[in-house]
Amino acid sequence: KESAAAKFERQHMDPSMSSASSSNYCNQMMQSRKMTQDRCKPVNTFVHESLADVQAVCFQKNVACKNGQSNCYQSNSAMHITDCRESGNSKYPNCVYKATQAEKHIIVACEGNPYVPVHFDASV
């Protein structure tokens, strides 16, 4: 079974790009990263930074998660991200996404040993 840490990497990490390459980026990535298999995942964020830099966030500013848990952390610096949001004409299995690029601080939930990101909570 896929670990929570591996799932985080599959769903949120794209260090090879500094930003979304094209308007088609989200459609391609959401499909290739298997987030459109049994439904269209409505919103997903990709982080264009090294895995080491994102894992380091687990040792940065401790903040409350949206669900009230206390194991979330905010990055000290802004990171290149792409938000993929399902567009109005999207209907499973033909999931259609709109990309929004930004430079924002990310908030991730961390757990385990080693202590690594397992959930993308927000960007601020």
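Each residue, glycine too, has its Cβ placed from N, Cα and C.
Marked as region 'Disordered' by Swiss-Prot: 1-24. For the region 'Disordered' (1-24), the residues of the chain that approach it from at least six positions outside its boundaries are 33-35, 44-51, 54, 80, 82, 99, 101, 108, 111-112, 116-120, judged by C-beta separation under 8 angstroms.
DSSP gives Thr45 (substrate binding site) a strand state. Other C-beta atoms found within 10 angstroms of the C-beta of Thr45 (substrate binding site) number 19, with every protein chain shown included. Under the heading substrate binding site, Swiss-Prot lists Lys7, Arg10, Lys41, Pro42, Val43, Asn44, Thr45, Lys66, Arg85.
Annotation for His12 (active site, proton acceptor): same-chain Cβ neighbours under 8 Å, separated by at least 6 residues, are Asn44, Thr45, Phe46, Val47, Val54, Pro117, Phe120. Residues or ranges marked as active site, proton acceptor by Swiss-Prot: His12.
What Swiss-Prot lists as disulfide bond is Cys26-Cys84 (among others), and the listing cites similarity to another entry. DSSP assigns Cys26 (disulfide bond) to a helical segment in the three-state reduction.
Of all Cβ atoms in the protein chains displayed, 18 besides its own lie within 10 Å of the Cβ of Cys40 (disulfide bond). The disulfide bond annotation in Swiss-Prot covers Cys40-Cys95 (among others) and is backed by similarity to another entry.
Mapped onto three states, the DSSP output places Cys110 (disulfide bond) in strand. Within its own chain, Cys110 (disulfide bond) has Val57, Cys58, Asn71, Cys72, Tyr73, Val116, Pro117, Val118 as residues 6 or more apart in sequence whose C-beta sits under 8 angstroms from its own. Among the features that Swiss-Prot reports, disulfide bond is placed at Cys58-Cys110 (among others).
The annotation disulfide bond is assigned in Swiss-Prot to Cys65-Cys72 (among others). Under DSSP, Cys72 (disulfide bond) is assigned to a strand (E or B) in the three-state scheme. Using a 10 Å radius centred on the Cβ of Cys72 (disulfide bond) and all shown protein chains, the other Cβ atoms total 23.
Cβ packing within 10 Å was compared across the recorded positions Cys26, Val43, Cys58, Cys84, Cys95, and the lowest neighbour count falls to Val43. Taking a C-beta cut-off of under 8 angstroms and a sequence separation of 6 or more, Arg85 (substrate binding site) has the following same-chain neighbours: Cys26, Pro42, Val43, Tyr97, Lys98, Thr100. Cβ neighbour count for Lys7 (substrate binding site) (all protein chains, 10 Å cutoff from its Cβ): 14.
Residue pair Cys40 (disulfide bond) / Cys84 (disulfide bond) shows a Cα separation of 11 Å.
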